[in-house]
């Protein structure tokens with residue numbers, strides 16, 4: 001199977017200790033872990049892989065739906081004719097709480113995940129996320145007053161934080177290496193699909209009395225399906241084995257349970273998955289996973305390298321201006337003379353379709369081309385589009401098609417690169433004993449960076465101007481390209497244990 005580095009090169013690389021000196025005893029211990037290809041190829045059934053992906057991915061779809069629906073819900077909520085409330089005359093601060101309430105909740109959910117992730121496990125965390133989603137959606141849709149609505153938005157946001165933490169972990173730990181990249185990237189496809197459904201719901205209900213209630217209530221059945229589905233799915237076999245190695249469970253029983261779970265997840269007999277279970281146990285035993293990770297350990301050795309890769313990617317994912325570029329979408333389409341541009345919901349639907357198409361393309365090629373080519377190519381396009389937007393606002397104000405081209409280029413390149421690959425990489429690079437806490441920090445960095453860009457954009461725009469601000473985003477995009485080129489590894493075709501060994 002092709003990959004960014006040959007398996008032989010990887011085997012040779014990991015024989016070097018962290019201090020850079022080859023250790024012969026380590027070499028002997030390491031050789032059985034990484035067999036020559038194609039011995040590591042994992043058996044899987046496509047039909048068996050569908051539901052273990054689908055139910056966790058609903059957590060991403062509900063996140064995307066909230067983004068899309070809220071854009072229409074705020075219009076409906078503030079309308080004297082269609083709000084259906086006596087408290088429709090919201091201030092800018094109150095409107096901000098409605099829009100950003102789920103973001104604040106997601107930040108808290110990410111912090112909460114740091115504490116409970118390894119205790120509950122991936123499956124139970126997703127069940128908890130579905131419950132938080134459900135209560136939040138019910139409170140928001142049925143809110144009799146503004147404070148109750150804000151509480152509902154906050155609880156829904158906690159569900160977002162938990163789901164965006166646990167879903168990529170569960171999918172990564174249960175999927176075969178041959179399709180892991182495609183499935184986690186497909187979760188981003190579900191997020192974009194959710195956004196598009198939210199925009200469509202907003203457009204459908206925006207001129208209905210109390211339409212905002214229907215927009216939020218539409219997510220309730222999906223919350224229920226996600227919760228029931230996660231109750232039916234088995235636990236992550238890797239998490240079960242980690243608990244046993246750390247002394248929380250009986251090892252023989254945990255190994256038997258993990259084998260049964262992996263059989264269900266892969267649609268295979270115990271004979272076909274037993275070798276994979278043995279490889280996971282071998283790696284866990286070798287790297288002293290029985291020692292529970294302390295907070296300081298997160299920032300040492302291979303854990304630190306994984307943290308740099310994961311947090312760096314999600315940080316650059318947001319600070320290259322993704323929230324701000326979309327903020328200008330309606331204005332750019334209006335300047336180009338598009339008749340539908342005055343209707344923000346229709347512009348959002350148009351961009352949602354483009355995002356969906358480009359994310360689908362990324363899903364199809366990520367396991368063929370690899371992560372690095374998509375990141376390097378996509379982020380290069382992002383940098384070009386940002387400098388084009390900057391030139392439009394400073395030098396080419398009469399050439400509106402430049403702005404339209406730049407906007408479409410940005411959206412397309414983002415969905416080919418940072419959109420799906422950022423979430424994919426953070427679910428792959430963290431060592432198993434650190435994965436729960438490491439991923440929670442990465443998700444926290446993602447939402448915090450989003451909040452930073454969202455809240456800092458308007459003051460910076462007033463201070464230095466739109467053109468110069470987009471130039472700044474372009475410079476950051478170039479810096480992220482350097483980071484990707486020199487720091488981010490290729491993980492295509494490798495098992496999670498091989499990726500961990502390579503760090």
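Indices start at 1 and increase along the chain as displayed.
Cβ coordinates are placed from backbone N, Cα and C, and glycine is handled just like the others.
Features as listed in TrEMBL:
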type: DOMAIN; residues: 52-492; note: domain 'Major facilitator superfamily (MFS) profile'
type: TRANSMEM; residues: 43-65; note: transmembrane segment
type: TRANSMEM; residues: 102-120; note: transmembrane segment
type: TRANSMEM; residues: 127-148; note: transmembrane segment
type: TRANSMEM; residues: 154-172; note: transmembrane segment
type: TRANSMEM; residues: 184-202; note: transmembrane segment
type: TRANSMEM; residues: 347-366; note: transmembrane segment
type: TRANSMEM; residues: 373-395; note: transmembrane segment
type: TRANSMEM; residues: 401-426; note: transmembrane segment
type: TRANSMEM; residues: 438-457; note: transmembrane segment
type: TRANSMEM; residues: 463-488; note: transmembrane segment
### Summary
Same-chain residues at least 6 beyond the ends of the transmembrane segment (102-120) with a Cβ under 8 Å from one of its Cβ atoms are 66, 70, 128-129, 132, 136, 153-162, 164-166, 169, 239, 242, 436-437, 439-441, 443-444, 447-448, 450-451, 454
### Task
Would you mind listing the long-range same-chain contacts of the transmembrane segment (154-172), meaning Cβ under 8 Å and 6+ residues beyond its ends?
52-53, 56-57, 59-60, 62-63, 66, 101-113, 117, 122-123, 125-126, 128-137, 139-140, 180, 183-184, 187, 223, 236, 423-424, 426-428, 435-436, 439-440, 443, 446-447, 496
### Query
Between the transmembrane segment (463-488) and the transmembrane segment (373-395), are there three or more C-beta pairs closer than 8 Å, counting only pairs 6 or more apart along the chain?
yes
### Query
Most CB pairs under 8 Å with the transmembrane segment (184-202): which of 373-395, 401-426, 438-457?
401-426
### Chain residues in Cβ proximity to the transmembrane segment (438-457) (below 8 Å; excluding those fewer than six residues from its ends, i.e. six or more beyond)
100, 103, 106-107, 110-111, 113-114, 117, 161, 164-165, 168-169, 298, 303, 306-307, 310-311, 314-315, 317-319, 321-324, 327, 422, 426-427, 430-431, 469
